[in-house]
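Per Swiss-Prot, these features apply:
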type	residues	note
BINDING	GLY169, ASP170, ARG171, GLN172, THR173, GLY174, LYS175, THR176	ATP binding site
SITE	SER370	site 'Required for activity'
Amino acid sequence: MDIRAAEISAILKEQIKNFGQEAEVTEVGQVLAVGDGIARVYGLDNVQAGEMVEFESGVRGMALNLEQDNVGVVIFGSDREIKEGQTVKRTGSIVDVPVGKGLLGRVVDGLGNPIDGKGPIQSTERRRVDVKAPGIIPRKSVHEPMSTGLKAIDALIPVGRGQRELIIGDRQTGKTAIALDTILNQKSAHAGADENAKLYCVYVAIGQKRSTVAQFVKVLEDQGALEYSIVIAATASDAAPMQFIAPFAGCAMGEYFRDNGMHAVIVYDDLSKQAVAYRQMSLLLRRPPGREAYPGDVFYLHSRLLERAAKMGDAAGNGSLTALPVIETQANDVSAYIPTNVISITDGQIFLETDLFYQGVRPAVNVGLSVSRVGSSAQTKAMKKVAGKIKGELAQYREMAAFAQFGSDLDVSTQRLLNRGARLTELLKQPQFSPLKMEEQVAVIYAGVNGYLDKLPVGKVRAFEEQLLGTLRSKHQDWLNAVRDSKDLSDANANTLKGVVEATAKSFA
């Protein structure tokens, strides 16, 4: 057999030349100790703060404490599979989640993994969960209304696109119901073709029962609202790091719409539970505790999250992200640590009261304590015209009602004020799942403010409202369309409305 040395050496040279030199280098550490959802890892010298790491069992974690001789890692999931001495490898990426329209209609966990059994997420883009909020220059002041469909809020405590409005109250006062109605109210906008009118909804459930979240998703599905919503669920049975990261993940998903010239609203339900999860993580990482045992940077935790809600200017695409954080108080104590923090960060609060809730005033909004610091500039002209007086009248009514308990002989003007106040309070009640369009609210509030309900028994106010709306919807659709399109109540339209309201009032006389 003839061995051709030259040919063999040529082949060898060719193969050596084409030999891939890229050897994959992974930085690996070792678990020193693990317990309570925290792992101490040795050997990850170059790990970044907030970087995702992977354990042997496939469970992931996030490096939070970078100390001199070890790294404190919080574990996203169960720590049962992790043993001392196991290896941990860096992934090289900061925690990120999938974003985009492919997430609409889906339920995901705090890391963006689907948990609704509908297959993988159709998304190509990923974003870091914790990014810097937009600066001052790319922003624009809030000027468009974000309608909730609730008379008590849209008339008295208006919310604008890009605003952060806190929903605060004790347990079982209807905080989630307000958020749910706001989401359902966007259905008519999504039925139309106007992209600018559409408002995509992101709902983050933090530390809630799984049954509650499932119920919420079912309502969205039944009402046809899930198709324009994303639900992120970090339930009570999930690890604390998942409850901590879920709001940031939801925010990243909402920012996709904001940065692409679309509009979104995000509900954090609720941030008290996120603060508790963060406190648990911080204490286990041996960070020094502060007031109420929360770590010193719990204010920064919420401020950096809520500052990401913004109305962008023309150069940045005109998108917006509106935030509705929810805070649960204990026995109406608004002066506790977390509530005061979040009140000072947000642009106003909707304060819900247990007493009002049990009196049947639902939504149980305390109009005196609730404010919207920027929303009034976002109200439509039509709503401004009719709702201007209502807040003052209700404030006077509450003041008088307190005095009226003592005295029986009241003068005529006081009697008239109490009379009107009781009817306006009745008028602002609204059953769940029945949001009203802006133009319908204008008609109803017009009737209340202009005294057409004063002679009516309080029990008939609801029937009056339904009859008025029924008449407008069946016979005056052109009026509703005119007010909706112009967003103003012209003199001609006001006269038409006056006629309809007077006719309705006569039928009740």
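Glycine residues also receive a Cβ, built from the backbone N, Cα and C atoms like all the rest.
According to its DSSP assignment, LYS175 (ATP binding site) is helical.
SER370 (site 'Required for activity') and GLN172 (ATP binding site) are 18 Å apart (CA-CA, integer value). If you take the Cα of LYS175 (ATP binding site) and the Cα of SER370 (site 'Required for activity'), they are about 13 angstrom apart, rounded to a whole number. The shortest Cα-Cα distance from SER370 (site 'Required for activity') to any of the binding-site residues (GLY169, ASP170, ARG171, GLY174, THR176) is found for GLY169.
Most buried of the recorded positions GLN172, THR173, SER370, judged by other Cβ atoms within 10 Å, is THR173. Per-site Cβ counts within 10 Å over the binding-site residues GLY169, GLY174 peak at GLY169.
In the structure shown, across all protein chains, LYS175 is the one of the binding-site residues ARG171, LYS175 with the greatest number of other Cβ atoms within 10 Å.
Within 10 Å of the Cβ of ASP170 (ATP binding site) there are 18 other Cβ atoms, across all protein chains.
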